[in-house]
Amino acid sequence: MPSRKFADGEVVMGRWPGSVLYYEVQVTSYDDVAHLYTVKYKDGTELALKESDIRSQSSFKHRKSQSSSSSPSRRSSSRSRSRSRSPGRPAKGRRRSASQSRDLKDDKKKTIQETSLALPVLVLFKPSENNTKRYNGEPESTEKNDTSCIILEQKLKPDLEIKRVLEQYSLRSRKDDKKKEEIYSEKKTFVAVKPIEKVPTKTKELEFGGRIGTFMLILLLPATVFYLLLMCKQDDPSLLNFPPLPALESLWDWRVFGVFLLWFLLQAVFSLLPIGKVVEGLPLSNGRKLQYRINGLYAFILTAAALGILLYFQIELHYLYDHFMQFAVSAAAFSLALSIYLYVRSLKAPEEELAPGGNSGYFIYDFFTGHELNPRIGSFDLKYFCELRPGLIGWVVINLAMLLAEMKIHNLSVPSLSMILVNSFQLLYVVDALWNEEAILTTMDITHDGFGFMLAFGDLVWVPFVYSLQAFYLVGHPTTITWPVAAAITVLNCIGYYIFRSANSQKNNFRRNPADPKLANLKFIPTATGKGLLVTGWWGFVRHPNYLGDIIMALAWSLPCGFNHILPYFYVIYFICLLVHREARDEHHCKQKYGLAWERYCQRVPYRIFPYIY
């Protein structure tokens with residue numbers, strides 16, 4: 001096994017991936033398995049580099065360069081020429097004829113033309129001042145607002161730059177064969193411009209309170225769901241009126257568990273149908289792109305058709321309301337079993353398939369956050385499926401069941417105005433998520449978080465049974481509102497939805513294709529990763545405008561329940577806490593990823609979620 005060449009803490013020169021530029025970096029660690037050095041640039045960016053991409057500082061001392069047109073006598077006396085003489089070059093001591101010199105010049109011109117064609121990528125990396133700042137993570141003096149400049153830059157190839165590249169990568173022999181092979185291997189790497197395979201390292205910074213915090217959350221999350229559902233069943237759902245605990249045998253029903261399994265399998269079958277387009281996700285740490293079938297909206301339509309058939313044959317959905325607590329217990333038991341399966345299978349997963357935030361080595365923490373990033377059974381992606389299908393579509397089904405239960409219990413010919421508003425607002429939210437299903441591929445849940453208890457319980461239990469809390473509350477506590485109040489609440493929800501949707505559309509379109517002419521009016525700050533940080537539109541207003549729209553909609557969903565109790569406002573209170581915590585996670589990750597460019601962005605956009613407040 002080859003020994004490492006550079007020690008931890010040593011300051012060396014590291015080549016920036018995909019370029020010919022070297023920068024001063026500090027070695028932080030070394031992976032004995034992948035033989036990769038983790039280095040840290042001055043702007044805080046950390047990358048994994050091969051040993052061939054690292055040089056000692058002493059090798060960058062100024063050396064006097066030899067002219068490519070030196071005299072034959074000087075070339076013949078050079079030690080670097082004695083070992084690798086060109087076949088067309090005469091032996092030492094022999095003079096060339098005029099015809100031989102002309103032939104040699106023609107061959108040299110041909111070689112230069114061929115080399116210039118073989119190295120088109122090298123010309124793109126100009127060692128100008130702005131380029132150096134950009135690859136160091138420092139933004140340029142002004143933000144770019146014309147994304148087409150990326151395309152124009154690739155078309156500009158000055159003669160001076162070609163000459164510089166040819167001098168560095170000419171076909172003349174070097175001091176020894178080893179040096180020559182090293183240069184040519186670098187040349188091939190530049191032409192291919194392949195991303196460096198970054199092997200996930202151990203998670204050092206633990207979130208959610210570490211091992212103790214995640215252990216407590218595993219216990220508190222199910223307890224919170226059951227407490228909220230029991231409170232809604234009471235005549236007086238005040239916080240001080242603690243509900244009586246039901247008998248344990250009344251919480252479990254095998255028939256209910258069977259219905260839940262049937263629902264889960266039905267949605268899995270819908271997701272596997274060969275309908276809808278297939279798209280690629282964002283590149284993983286090893287450069288791979290997973291494929292996903294986008295057919296969530298079709299699954300929703302098929303589910304609606306199935307519900308219509310059930311109602312046609314007079315199969316009442318009131319059963320869901322009567323056994324609501326038992327359905328929640330069944331979903332919690334299933335999510336726990338799924339989490340155990342996910343953790344056990346992750347122990348055999350390759351290192352590069354582990355989640356960057358769930359590879360701490362601590363069982364409880366990795367079990368909660370998720371050890372494997374994208375667990376799949378064949379082409380069936382478990383995390384992607386659970387994100388939108390059984391829980392999100394199930395949320396709409398539960399709301400519909402509560403609407404029908406309200407009509408039956410209170411002998412109403414039509415649902416109450418409050419129930420109609422809650423169902424309509426949340427139906428719009430779910431349909432929007434399914435219509436823009438492809439956008440979820442760029443979220444933190446897919447790109448960073450592993451699939452463990454946190455997402456499994458959240459997708460299968462928390463979303464359908466907590467997000468439907470307003471509809472469940474209105475069944476037992478009907479609230480009457482006037483039409484003007486309903487109109488005001490509707491306007492508030494529309495404002496929140498407009499901010500949420502337009503902000504997400506700007507972000508997703510820019511991430512997918514920043515060179516799109518439709519986005520030419522957007523200004524952005526370039527970063528060392530090659531991505532840009534938007535500073536115009538909604539993203540120049542606050543750093544997370546989509547969170548702001550989400551919170552406004554959450555408030556509109558709770559207002560139809562009135563102000564008699566705080567229980568229906570649990571969702572908006574929880575959602576503010578969730579998004580503030582997620583925003584803090586985003587800030588931490590972006591600062592590590594973008595370095596100085598993120599600090600510049602924070603100065604340009606000082607408010608995080610709430611303008612002029614936070």
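The backbone N, Cα and C atoms fix where each Cβ goes, glycine too.
The compositional bias 'Low complexity' feature in TrEMBL is assigned to 66-75. The compositional bias 'Basic residues' feature in TrEMBL is assigned to 76-97. For 4-62, the entry in TrEMBL reads domain 'Tudor'. Annotation comment: TrEMBL describes 53-110 as region 'Disordered'. TrEMBL lists 212-231, 251-275, 296-315, 327-344, 455-475, 481-500, 521-542, 562-581 with the feature transmembrane segment.
In this chain, the transmembrane segment (327-344) touches the transmembrane segment (455-475); three or more CB pairs sit within less than 8 A of each other, excluding pairs fewer than 6 residues apart. Helix, strand and coil counts from DSSP across the domain 'Tudor' (4-62) read 7 helix, 27 strand, 25 coil.
Under 8 Å from some Cβ of the transmembrane segment (251-275) lie the Cβ atoms of residues 293, 295-296, 298-299, 302-303, 306, 323, 325-327, 329-331, 333-334, 380, 385, 389-390, 393-394, all in the same chain and six or more residues away from its ends.
Long-range contacts of the transmembrane segment (212-231) within the same chain: residues 237, 241, 243, 245-246, 324-325, 328-329, 332, 364-365, 367-369, 453-454, 457, 461-462, 465-466, 469, 472, 567, 570, each at least 6 residues beyond the stretch ends and with a Cβ under 8 Å from a Cβ of the stretch. Panel annotation: around the transmembrane segment (562-581), residues 228, 231-232, 237-239, 418, 466-467, 469-470, 473, 477, 479, 481, 544, 547, 550-551, 554-555, 609, 614 of the same chain, lying at least six beyond its termini, place a Cβ under 8 Å from a Cβ of the stretch. Listed as Cβ neighbours of the transmembrane segment (481-500) (distance under 8 Å, sequence separation of 6 or more from its ends, same chain) are residues 417-418, 421, 425, 428-429, 432, 538, 545-546, 548-557, 559-560, 562. Confidence annotation: the domain 'Tudor' (4-62) carries a mean pLDDT of 81 in the model.
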